[in-house]
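What follows is a short report on a single structure.
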Amino acid sequence: MLIKIAKPSDLRESDVTPESVYLSRRRFMGGMAGLGAGLALSGRAKASADYSDVPDGDAPAWLQAKLGAARPRAIVPDDPEKDAIAPFGDASGYNNFYEFGTGKSDPARHADGLETQPWSVVIDGEVNNGGRFNLEDFASPSHFEERIYRLRCVEAWSMVIPWLGISLADVIKRAEPTSKARYVRFETLVDPEQMPGQRSSFSLIDWPYVEGLRLDEAMQPLTLLALGMYGRELPNQNGAPLRLVVPWKYGFKSIKSIVRISLVEEQPVNSWQRIAPEEYGFYANVNPEVDHPRWSQATERRLPNSLFNPNTLDTRMFNGYADEVAELYAGMDLRKHF
Amino acid sequence: MTAQRKWQLWRTGVFLAALAPLVLWSGQVASNAAGPEPGRYLLLNIGLGGLWMLLLTLSLTPLTKLTRWKGFALIRRQLGLWTLAYASLHLLSYALFILGLDWAMLGSELIERPYILVGLLALIGLVALGATSNRWSMRRLGKRWKPLHKLSYPILGLILLHFFWGVRADLGEWTLYATASALIMATRLPPVARRLPRLRQRLISA
């Protein structure tokens, strides 16, 4: 007998959209498409009107059109009050991107000159359909969505950010992995001319920055390849033109400015694990019960905060995405595989 | 202008210069120009400012030997006390803006972040030096005053360790401070210290 236990994320009859709403959605989409085209012509690509204070980017026309046509708010936090979107200036002015320096404002200061057009991505390794693709050919076959995710940094701060992008699973399916493919390995651009952090002789990172996912993690529908945020394309300092976003893992897993995606047999050694294996593991799942050797992971400072309110929240298992991803790690000792 | 008035002005100028960064950073926080984590902004800047103050304080003796200018010796106590002030404000920022006065969290933080203990140890040392920086203590301690105040050397070491322990991936900035510290300490090695006045002679005659 087949016993089917509904997962919390399974759809129910009541979730089915009534036809009238569906049809009006089509009308809405038609309107949006026209609006999108209009916005594209005026040099804007905003997925929703909420980002009126966000400065315009300089995306190529194809990307503006894709971003403009993205399904708005496809995934949103369950408590939008508590998980309020961080101001664009904070999300784009305060982050880690060691290729541009180790200070939180270094990326915004030094990433301006990064040349992201043209950009190509190599897909190689255990795939039947690999090769070097220009960004448009790489991304435009996929459906674009806006997803609002919590981003939890391993340094115990977090922000809520509206990304625009495509599902990594979609890209991997198109590449047709062979039966040997078990992991996905990602590489960031190496270009010391454009990336001052890569010129530092005191850097502990062995460039290129490398990250990896298990194939099932990469295929998890939440895993996003972002090309935009806040209704526009990614600012350079946030990993333009293509970055990973894995919302249930610490931020350093979400590798930026990707130039290579390889399907591989062996578990890749990610950059932070290489520097300090006792501090950073391969999985790096957000876990309030497993502390970093130098600080607690039980809580996080939700940014922006203010002087007398550090805005400290309890960190949630898998950053609050346990319903979707916990089953990936069933039976694993997460203290060992941190 | 009398000589006394001149030195008074010099000391006041140094006082204002040492105060200026604190005013600047507070102004940035007040005008929302300090980023999304203003507490951490103050914490890190004030901490680094304290290291600057200690390095400046420790530069005064070799500078005096090199130049024989009286002004350097006159601001030594002041800069030493500024070091203590910055270090205390650094701890206060941590308690107020990072811990949010959640003392239960302090216990777990101290265990998990040993570099906080190292910093605390350095601060205790600075308090001892600050408390004995007055004339009365100097008289009372007599010959023991000087060795006591050489505690500033190990304190510098503790601060560098405190700084080093917090570094995640790039030792560039830390290396700059460590090099500056090594240079300043090297001027105290007897063979170097002996040569400083001679170096002065050579500079003057050149």
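A Cβ is built for glycine as well, from the same backbone N, Cα and C atoms used for every other residue.
Computed from a predicted structure; not experimentally measured.
If you look up TrEMBL, you'll see A:Asn95, A:Tyr98, A:Glu99, A:Cys153, A:Thr188, A:Asn238, A:Arg243, A:Ser254, A:Ile255, A:Lys256 marked as Mo-molybdopterin binding site. Annotation source TrEMBL lists domain 'Oxidoreductase molybdopterin-binding' at A:115-272.
A map of TrEMBL features onto the structure.
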{"residue": "A:Asn95", "record": "Mo-molybdopterin binding site", "DSSP (3 states)": "coil"}
{"residue": "A:Thr188", "record": "Mo-molybdopterin binding site", "DSSP (3 states)": "strand"}
{"residue": "A:Arg243", "record": "Mo-molybdopterin binding site", "DSSP (3 states)": "strand"}
{"residue": "A:Ile255", "record": "Mo-molybdopterin binding site", "DSSP (3 states)": "coil"}
Subject >> Model confidence over the domain 'Oxidoreductase molybdopterin-binding' (A:115-272) (mean pLDDT, whole number) >> reply: 97
Original post:
Long-range same-chain neighbours of A:Thr188 (Mo-molybdopterin binding site), Cβ under 8 Å, sequence gap at least 6?
Top reply: A:Glu99, A:Trp207, A:Pro208, A:Tyr209, A:Val210, A:Ile255, A:Lys256, A:Ser257, A:Ile258, A:Val259
Original post:
Roughly how wide, in whole Å, is the group A:Asn95, A:Tyr98, A:Glu99, A:Cys153, A:Thr188, A:Asn238, A:Arg243, A:Ser254, A:Ile255, A:Lys256 that binds Mo-molybdopterin, by largest Cα to Cα distance?
Top reply: 19
Subject >> Cβ neighbours of A:Glu99 (Mo-molybdopterin binding site) where a neighbour is any other Cβ within 10 Å >> reply: 31
Original post:
Across all chains shown, how many C-beta atoms besides its own are within 10 angstroms of the C-beta of A:Ile255 (Mo-molybdopterin binding site)?
Top reply: 25
Original post:
Which chain-mates of A:Arg243 (Mo-molybdopterin binding site) that are at least 6 residues away have a CB under 8 A from its CB, listed by sequence?
Top reply: A:Leu225, A:Ala226, A:Leu234, A:Ser254, A:Ile255, A:Lys256, A:Ser257, A:Ile258
